[in-house]
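Q: Sending over a structure as structure tokens; questions will come in a sec.
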Amino acid sequence: MPFTLGQRWISDTENELGLGTVVAQDARMVTLLFSTSGENRLYARTDAPITRVMFNPGDTVTSHEGWQLLIDTIEEKEGLLTYIGTRLDNGETGCTLREVLLDSKLTFSKPQDRLFAGQIDRMDRFALRYRARKFYSEQFRAPWNGLRGIRASLIPHQLHIASEVGQRHAPRVLLADEVGLGKTIEAGMIIHQQMLTGRAERVLIVVPESLLHQWLVEMLRRFNLHFSLFDDERYSQSLLDSDNPFETEQLVLCSLDFVRRNKERLTHLTEAEWDILVVDEAHHLAWSETAPSREYQVIERLAHHIPGVLLLTATPEQLGMQSHFARLRLLDPNRFHDYQAFADEQQRYRLVADTVGLLLNNELLDAAAMTLLAEMLGGQNADALLARVNEQNAADDDARRRLTAMLMDSHGTSRVMFRNTRQGVKGFPARRLHACALPLPAQYQTAFKVAGIMGGKQRLDESARHMLYPEQIFQQFEGQNATWWNFDPRVQWLVDFLLDLRQEKVLVICAHAGTALQLEQVLREREGIRAAVFHEGLSLVDRDRAAAYFASAEDGAQVLLCSEIGSEGRNFQFASQMVMFDLPFNPDLLEQRIGRLDRIGQNRDIQIHVPYLEQSAQAVLLRWYHEGLDAFEHTCPTGRALYDETYQTLQGYLAEPGALTGLTAFIHDCRARHDALKAQMEQGRDRLLELHSNGGEPARVLAQTLAEQDNDSQLVNFALNLFDIIGISQEDRSDNLLVLKPSDHMLVPDFPDVSEEGCTITFNRDQALAREETQFISWEHPIIRNGLDLVLSSESGNSALSLLKNKALPVGTLLLELIYVVESQAPRNLQLNRFLPATPLRLLLDKNGTNLAPQVEFEQFNRQLNAVKRHTASKLVSAVQPEVHGMLTHGEHLVAEQAQALIDEARAQADLLLSAELSRLKALRAVNPAIRDNELEAVAENRRQVLRHLDEASWRLDAIRLIVVTHQ
């Protein structure tokens, strides 16, 4: 290379150094000073990874003094360049600027500038960049964006609710599905979709203390949402660094008690500007018109300040009308301000729901029903449908379906409440109880007597709880080393049971972590039974390992021993055998235990085994659960209400299991009350609301569509290519698993979500569900999204040169591949990506400016190309630079027409969709006051802003590749 002192060069490998100046040279070496960074670099003359910087007429350059020059001509003298042109600051013409006086901060980021400066990327990076642009555009256009990346089964009713609510502005809804139908997953899906689409950025979740860990695990494992758990310690520490600790995190999880106990915390929470508030177990917020509870007031204050609110609650039939009204009042106090008016309205809608039953059952409608429907659907042009509804032909069916859909839209609370029932969803397995009575050991009888003598001052409920766990009482008196497992018949029963079911996975749940640990030791030492232990003392990583050990079909544990708290938030549908080593003290916990297996997706009947001690509190509680509530073999929506009603009596029987006078009558009374309440709930079912909540056939189609997206071969190929280029090592494991680890040649020193220890991934949803430690990779996973951002936010791959071996074309023939991006810069919450995501337009030009891209598909063409060494590529570019400039000019003219057509199409689509939604809501507002005024205003303003930003959309060159034909 010919070097001259004062020449300007740029580093091919360290672009961030800026413009370098030749300050020394000899026969073998050359020294460059990069004054921006104050660093020198010494290179070998013959093979230096640097490129001569030479600008062209028409370019604009900046002097070291800051003024800019539009170049007209260039002079070269003794190897040094002088640029002559017009100063842009004062208009002076004929100005000169020697290259040594160019601004050293200059870097090349535009694709054409990097190409001409010799900063040419590898061919595979150009291909990855184009694929990233293409896939990014396609994924954001998909209507299901935000729904498919969850690590959960694709359940139609859950997808319907998430899709319906997740696309709203500041949704305020009540999620009231029956237990086991996935309210937590629905809330997580809504949060995930709102965040992915830019509608929300800051989320606050408030739950009972006992559910904190469950929510933390669910949000992380299923949705890749990293919530920060705030407790007293975390809050106090954060106060040292911030005036408002809650502003230090975007996603916060805390308990209701944590908020309730401190007025300052509540003030800080209300000032932190959240987008969404999520409240679990909202039915425990006690309210009356004259005396609302402190808990209710806390949530009411938060709900007043936070635009989006999701309340997770028991079904309205369980709560009673007034309690249900209290929940709705939190969502929309203007709409639900008068309880009596609400009760009257609900009675009116009850008549509508009954009429819907006639529609769904294909029964004829009498005059009263027709009048009611006409009144309810006034203003919606339903007269023609009503006239056809009693006709006995196919049109009749169509009219009934359309009328039902219109009623769902106009239903009183259908926009603010979703409630699915097991009866409506179907697909659940049967539950079978296998109770095994075992003799009460003498050691426990003695311990009970001693406890009775010594615990005379205990509260009744404390005494009752102690009596449920005799091994705990025995250890209190004999010490922690007491070997209760040597005489407790439940232990030997468990050993024999597991030996009989060697080929089955068995979940064992007990109340205390200590019991689980002791049982694992016994199983291991007595019979060598492989068991994993799961309790609250384990870290999240250790729990994952235990769950994975249990899930492994080949060499995994036969049994998983869980404590009560440790099992929260984990589901094991692949197992169907459950052993309750003891019983929990309330029906909610019992259902929570069974719910570890009894989930949608369970394909076998659940066998519930309860070894219990005769003449003990366990025997009493077993009878009450089974005979009084039917809580083992069916879900028990009445359980909590009856538990609260009968609390004192039940605790008395549990505290003194030997005094059973009247127990049978008590249990019979409970069963009668249970049956009556259940019948009352069934009678109160709102079929219209259920129909609206489960989504019907469209929800099933959505689930099927998403299922077809799983195992997308394009995603797999793109991800593996991405990992290779970023420098993430991949180790194949069995069962479609990959282990990702950072390598020594990473593009970035620290890639998010890939730790030093590595992470296990799969592209298979079922595999991810079966193995807790495995991450489910989709287009929405942070690893893929961060990889896309890494590629597209840098210059990587935006400049390339390739050789095309084709003897049908003359040697030296030039082709220019141009990737333009059409985009609109707008706030994320407008979701312009629905209409115009950053969309690539590809041109493939010959020397005459003819676009060959429609005839030459990218992937097929790319496979015919060969790489070329960088120095050779740099020389080739320099030799043909004038021709490339001309081809670029042709490209600018060609792309303008295509880009504007794309923008016009996006604007028309946005106008059509958003105008239709606004018109629909305005029409419904007349018959459904649940549609809020601010929601209408938000939709109208959203439409205006979207159309304005689409009008301002533009395009730019994102990547360039020069192709040179060769015959070698």
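Quick reminder: no glycine exception, Cβ is built from N, Cα and C everywhere.
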Q: Match it up for me: which of 44-47, 280-283, 316-319 does Swiss-Prot list as motif 'DEAH box'?
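A: That would be 280-283, the stretch labelled motif 'DEAH box' in Swiss-Prot.
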Q: Using a Cβ-Cβ cut-off under 8 angstroms and a sequence gap of six or more, which residues of the chain neighbour VAL179 (ATP binding site)?
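A: Non-local contacts for VAL179 (ATP binding site): ALA314, GLU591, GLY595, THR635, PRO637.
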Q: If you skip the near sequence neighbours and keep only those at least six away, which residues in the chain come within under 8 angstroms of THR184 (ATP binding site), Cβ to Cβ?
A: GLN214, TRP215, GLU218, ASP280, LEU312
Q: Within 8 Å of the Cβ centre of ASP177, GLU178, VAL179, GLY180, LEU181, GLY182, LYS183, THR184, which other residues of the chain have their Cβ, at the recorded ATP site?
A: GLU186, ASN420
Q: Under 8 Å Cβ to Cβ from LYS183 (ATP binding site), same chain, six or more residues apart: give me those in sequence order, or none if nothing qualifies.
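A: Correct list: LEU175, ALA176, ASP177, ASP280, LEU312.
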Q: A 10 Å Cβ contact count, applied to the binding-site residues ASP177, GLU178: which residue has the minimum?
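A: With the binding-site residues ASP177, GLU178, fewest surrounding Cβ atoms within 10 Å: GLU178.
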Q: Which Cβ among the binding-site residues (GLY180, GLY182) has the fewest C-beta neighbours inside 10 Å?
A: GLY180
Q: Could you give me the DSSP helix, strand and coil counts for the motif 'DEAH box' (280-283)?
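A: Counting residues per DSSP class in the motif 'DEAH box' (280-283), I get 2 helix, 0 strand, 2 coil.
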Q: How many other Cβ atoms sit within 10 Å of the Cβ of LEU181 (ATP binding site)?
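A: There are 26 such Cβ atoms around LEU181 (ATP binding site).
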